[in-house]
Amino acid sequence: MVLTLGESWPVLVGRRFLSLSAADGSDGSHDSWDVERVAEWPWLSGTIRAVSHTDVTKKDLKVCVEFDGESWRKRRWIEVYSLLRRAFLVEHNLVLAERKSPEISERIVQWPAITYKPLLDKAGLGSITSVRFLGDQQRVFLSKDLLKPIQDVNSLRLSLTDNQIVSKEFQALIVKHLDESHLLKGDKNLVGSEVKIYSLDPSTQWFSATVINGNPASKTLQVNCEEIPALKIVDPSLIHVEVVHDNLVTCGNSARIGAVKRKSSENNGTLVSKQAKSCSEASPSMCPVQSVPTTVFKEILLGCTAATPPSKDPRQQSTPQAANSPPNLGAKIPQGCHKQSLPEEISSCLNTKSEALRTKPDVCKAGLLSKSSQIGTGDLKILTEPKGSCTQPKTNTDQENRLESVPQALTGLPKECLPTKASSKAELEIANPPELQKHLEHAPSPSDVSNAPEVKAGVNSDSPNNCSGKKVEPSALACRSQNLKESSVKVDNESCCSRSNNKIQNAPSRKSVLTDPAKLKKLQQSGEAFVQDDSCVNIVAQLPKCRECRLDSLRKDKEQQKDSPVFCRFFHFRRLQFNKHGVLRVEGFLTPNKYDNEAIGLWLPLTKNVVGIDLDTAKYILANIGDHFCQMVISEKEAMSTIEPHRQVAWKRAVKGVREMCDVCDTTIFNLHWVCPRCGFGVCVDCYRMKRKNCQQGAAYKTFSWLKCVKSQIHEPENLMPTQIIPGKALYDVGDIVHSVRAKWGIKANCPCSNRQFKLFSKPASKEDLKQTSLAGEKPTLGAVLQQNPSVLEPAAVGGEAASKPAGSMKPACPASTSPLNWLADLTSGNVNKENKEKQPTMPILKNEIKCLPPLPPLSKSSTVLHTFNSTILTPVSNNNSGFLRNLLNSSTGKTENGLKNTPKILDDIFASLVQNKTTSDLSKRPQGLTIKPSILGFDTPHYWLCDNRLLCLQDPNNKSNWNVFRECWKQGQPVMVSGVHHKLNSELWKPESFRKEFGEQEVDLVNCRTNEIITGATVGDFWDGFEDVPNRLKNEKEPMVLKLKDWPPGEDFRDMMPSRFDDLMANIPLPEYTRRDGKLNLASRLPNYFVRPDLGPKMYNAYGLITPEDRKYGTTNLHLDVSDAANVMVYVGIPKGQCEQEEEVLKTIQDGDSDELTIKRFIEGKEKPGALWHIYAAKDTEKIREFLKKVSEEQGQENPADHDPIHDQSWYLDRSLRKRLHQEYGVQGWAIVQFLGDVVFIPAGAPHQVHNLYSCIKVAEDFVSPEHVKHCFWLTQEFRYLSQTHTNHEDKLQVKNVIYHAVKDAVAMLKASESSFGKP
């Protein structure tokens, strides 16, 4: 399964081989080696266990081998390039080869087989190679011409499903391959894993060890071996190492291996590069050496792990001068307000980097050397006799050693931990004292804490998971399984040092109360309960340990353990108490009313915390995402209502730099969830509900598997305790404030809770109820559509100015008009809303209640749907600064003959009709790039229209008016392009020569765009050498390959590796209000520094061009969609030199890609450099595209597994024929965009898109979260839950619920502060 590049070779250890020696022939003469009878040659086969060095080209290469049919005790070292050796073949890759069907001998089938490639060939094999079919042990020799590469896993489905032996062997190959990819990289994901290392001692073949550290720099592993204590460092490229999977179990239809899910910045970072997604996660054969996310190995006894350290605070950058704000709606920003900054991070935590571990190349007694040393048969040291038995096998983990570089506990200790005075209520500046002051009234005093009722996990006393009142031996506990992920301190990519070598300087170190003799004595005497303020590892051994600390206890270095209490699942959560005998025991857990000012202040709309937001922006944000926030509140209330009254809800306070995630589906936990009181296993509301429903119905729970608890006990839903993260009732109180603020500011609310009543969605309303609500003037809402429930309707007005107008004062319909803008005119007069109340147009949409995730509603179906994005602005519009479109609107309305309103489908129709009606003759004559006259569209912004007037292209990236124009199209879910950015950038920074000079020696993985094969062992310099020079490109079968860099720079390293380029990009990227990390309309910027900030880039995408006619069916990046918005900048276009007629081929590709005439003129007449051909589709058409691809798959005989998706798998590129079929059969037409040098393509969240490079391109993408497209982020997060564990999109890294909450919280704080400054009630 190893795909290699050119003549380079992979690591040899662990591979099967074939050897042919002249000494084994009949007479040793050359004539006896008849190629016609190659199968009869005296081949010897076996397995390579160790090598003298990794350079296979050196003639002194020696390998330690075990021959088949011989005892391992007869292993020996052989010289590969011996004079008597005629050939030496090694396992190479997985292919398809023709053979007779095992079932029907007359039938010829394509069968998966492993090929061998010659390392030495003196026998003249030439094109003949050895092949072993999966499921058979016998080898055959075939011509290479008869072998076909495996392009898609679907080509294997027949052989895998029909033959269980083949299926099992294929799965074993995948597991072996994934293990090797981690081992050979020194991956920190292996920390805690049990491995077996090949022994050269004659008394034993293997010995066991535990991985305690990984070093990606030297690609070695640090291990702990009780048999040979001197063994510390292992190089898997020199000696055979295997990961032990001793907890392989089957859940449903999928096998999962006991391993720990840990996120690694060295391995894909905290957010996997979107470019890497072009390789189908569904096809292991297509990605043979891809570092698949470690969630492939979902643990059984071990869970997910702790987090990556926190990244640098992006707000340290100066905020750019804001462009034009959203429409001024009659309010001003109060002077002298909201200038306080958020609580600052500890500077040392932000700026400290881990020092690389300097591993000495000492030779241990085991005879294992680092790569700097060479192993020979003469100087090989034999293993010593094992002095002890192997340690008890531990559950295998696929774990990153993040504990070595984690921040100290930065979270303030709960006030109840220490007998200190309660904080003054005046310390918090509350935006709404009457409604929020009650939180502080419930702040606990020290006496309250000691007498507080304990949370006994909400289970019966005889429950097997109940830990209260009895001791649990540490050995009986499950190992570490934490999904508290991704701390916010950035770790050096080369870091592999232990915690003792990576101190965080000047960080506040709060000692546990148990380390203070005076406080300890007082607690022992009083028996007062206190909160656990240290990790389980550092507490007495008799207490049950959480899943995280159980694994941490395997670490022998106590210095590494004590600095990481924040990753303990019971840290600041579990309550402890000394009994009358002075023995420490578990007393319970914190309750929601036991918070302090620090804890509650994180979740309240405090004006002192509002930074980087103005009044107009606050109103705009609340208008767009307020309904989604209300839907979140309703969902929380609904989940809370299902909890039995007798069960006490626990409170787990947010821990700084740690992200709570569901142990089952990897979704970020927002608030309510369920926790095991014994091991800390936690599940989200959705997984808990699904599990409980299936248990009640007796159905098999096949979608997700649940990790097991102590002693492999099953986690039963009734034994988990409900737990919330937001303290007190802050969530519901902020929800009340949102309604109050929206009513006072006239912000329209379409949320289901706007009637101030909570209704369950499970019971649809009766027809009589619908009729009554219709008569009352209520209208269907977007929130109801999202939940597919027609019973929740909104009253006509909600307080404030909106409530001042009686229902009977509606204006009659205006005379009919044929103007295409008449429907938009109603946005200011309110006619659209009145018409919606009369027609009830959303009921047909609600019929689709079977699907969990309804497709996005078409823009043409209802103006109610448009209302959320286009007109969810404030009701009172009193001036002319509300947007250029509103200035153009006529007051007349138009109706068709049947009396229904004639509403244009999309905003493009408006502009198109204007241009066609008034400037038809001018448009046909105007030259390329000429702007439309300002007098026509009412604004002076350089721009033009592409894709037949459906794509807005802004020409001045720094124009302050771009803001208004961009937003009007962006609301409609349309992509937008901005040109000319390359004139602003420092071109010297983005040339291939600069990258080659700075990073040419770095080792990277490459992807062959034609086959999606991953190539290892190359350097960055190898890629850049062929960027503009085709003859210098890496070759496959003597043909230059079309390559792209995979995940480079890796993870979040762009800013650290390329600070000058990062600054250059951020200073010149268009529309900084959206695209910058601190942009006021980038909702991700609203997430406090207390939380783990999502990695939104920048990411680099570097790839060669696909020029030939045959390449038009391939994509540089296949069709996929992303959970966030993105701005993709073309910073460099490299045209290969010496290629004839390539310009003509590029033109044909552009024409074949359905580009419009103006785009072609840019290439021919404007002499601009085309970089990439994009095809982008509207998010609302996603479901149609999905159905179309499934249909095509079925036509081609491919399967559609339930846990895979044709779009998320990124296994399709829509060529011309498929695009034509999609348009004819489903009516889906996208945007064909050619991205020239300096163009920035804005892709909306949830919009399917694909990319085909025309020339060699360097692109940089920055992701952001805009208010207009939050709903797509919300839906996609739910979709990704159901993807298989191998998907890079499976894990929720955007934290969309947290982003929505804190964006609304800050907007409310700003509006409340502004309201009080104007003296409003």
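The backbone N, Cα and C atoms fix where each Cβ goes, glycine too.
Swiss-Prot lists motif 'LXXLL motif' for one of the ranges 195-199, 670-674, 885-889, namely 885-889. Of the listed residues (Ser264, Ser498, Ser891), Swiss-Prot tags Ser264 with phosphoserine; the rest carry no such note in the record, though that does not show they lack it. Check Swiss-Prot against the ranges 438-472, 893-927, 1138-1172 and you find region 'Disordered' recorded for 438-472.
Looking up Ser101, Ser325, Ser564 in Swiss-Prot shows the phosphoserine annotation sitting on Ser325. Binding of Fe cation is annotated in Swiss-Prot for His1120, Asp1122; the matching candidate from His1204, His1223, His1249, His1252 at the same site is His1249. The phosphoserine entry in Swiss-Prot, when matched to the candidates Ser159, Ser372, Ser766, corresponds to Ser766. In Swiss-Prot, the annotation zinc finger applies to 662-687, one of the ranges 220-245, 662-687. Helix, strand and coil content of the zinc finger (662-687), in residues and according to DSSP, is 3 helix, 7 strand, 16 coil. Note on the zinc finger (662-687): its mean pLDDT in the predicted model is 91. His1120 (Fe cation binding site) falls within a strand when secondary structure is assigned with DSSP. Cβ contacts within 10 Å of His1249 (Fe cation binding site), excluding its own Cβ and spanning all protein chains shown: 23.
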